[in-house]
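A.B. asks: Pasting a structure below so you can have a look.
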Amino acid sequence: MGSGISSESKESAKRSKELEKKLQEDAERDARTVKLLLLGAGESGKSTIVKQMKIIHKNGYSKQECMEFKAVVYSNTLQSILAIVKAMTTLGIDYVNPRSREDQQLLLSMANTLEDGDMTPQLAEIIKRLWGDPGIQACFERASEYQLNDSAAYYLNDLDRLTAPGYVPNEQDVLHSRVKTTGIIETQFSFKDLNFRMFDVGGQRSERKKWIHCFEGVTCIIFCAALSAYDMVLVEDEEVNRMHESLHLFNSICNHKYFATTSIVLFLNKKDLFQEKVTKVHLSICFPEYTGPNTFEDAGNYIKNQFLDLNLKKEDKEIYSHMTCATDTQNVKFVFDAVTDIIIKENLKDCGLF
């Protein structure tokens, strides 16, 4: 009888030890789990950052996965040329080449013929000819006056490669592709002995109400803002400047009670497009009070300070900022490495080890 009790208590002690070990393992795993929330207005580059995480931390895109983007690449290319053609009328710009008017009619009649994600050689030739028209180029230069994908020139300048037989999208083609994010997309990966759970949330106004579900237990927020959007308006409200919307959104996030103890990193994205644009369009179009030089450094720093000045708790909370180009893998790799070090440092601070 006594031996029965003894073996029972041994069994119970063993179970207790196993449970203790499991709880310890769970606690360690939780301590190493980083919940990253990607926030920002629509078309600020959040989804491109997620794609970069797959390239940098998850062995990239297989040939099969790249092939799945072929239809998106063609759709983005077609939507871009259609947007420019439509804007020709709105902005009152004339074609230069005599054939372009006829090509426009052909394009509009063939616009629904992207069957099985392929582009016919005839459609490709029409798009190529139109893109080569100086009138279209003049209209493209005024892209901030209508809605046009950032990737328009990237694809339209490379139509020969994109429409060659046997074309398979490469990683740059995938990074430049644009599909509106609806809902919440989670990506998991490991880096520097941490397990990351990254959440990409749709940025358009209609999507933002879904963010609330992600707020609990967030380690770090990466807020993306497009530097190049200073002379553009929202897709969903053409009365609102995109940069002003981004600042308004950042203000509500960085000063939100939910995020009082959350690390916040600001990605001032699309620095490549900004560098190109700032030589042509003065920053005062967005910030009338700005009288400084219209250089990448001066205008870029001014925008950065507009965001950082919104932080009402500067003495308690530091906001880290980086200028980024989300389509540049090396740049994102370097910046994300720095972000991870910030997360590690903040975690050690929380544990009293820093």
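Here the Cβ of each residue, glycine as well, is placed from N, Cα and C on the backbone.
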A.B. asks: When Swiss-Prot marks a stretch as region 'G2 motif', which of 110-118, 164-172, 173-181, 308-316 is it?
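C.D. replies: Going through 110-118, 164-172, 173-181, 308-316 one by one, Swiss-Prot gives region 'G2 motif' for 173-181.
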A.B. asks: Tell me which of 126-135, 196-205, 296-305 corresponds to the region 'G3 motif' entry in Swiss-Prot.
C.D. replies: 196-205
A.B. asks: As a test of the contact definition, list every same-chain residue at least 6 positions from Ser47 (Mg(2+) binding site) whose Cβ is closer than 8 Å to its Cβ.
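C.D. replies: Set apart from Ser47 (Mg(2+) binding site) by at least 6 residues yet with Cβ under 8 Å, we have Arg178, Val179, Thr181, Ile185, Asp200.
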A.B. asks: Looking only at Cβ atoms, how many others are within 10 Å of the one on Thr181 (Mg(2+) binding site)?
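C.D. replies: So the number of other Cβ atoms within 10 Å of Thr181 (Mg(2+) binding site) is 19.
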A.B. asks: The region 'G4 motif' (265-272): which same-chain residues, six or more beyond its ends, come within Cβ distance under 8 Å?
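C.D. replies: The answer is 40, 44-45, 49, 150, 220-229, 250, 296, 300, 303-304, 307-308, 319-328, 335, 339, 342.
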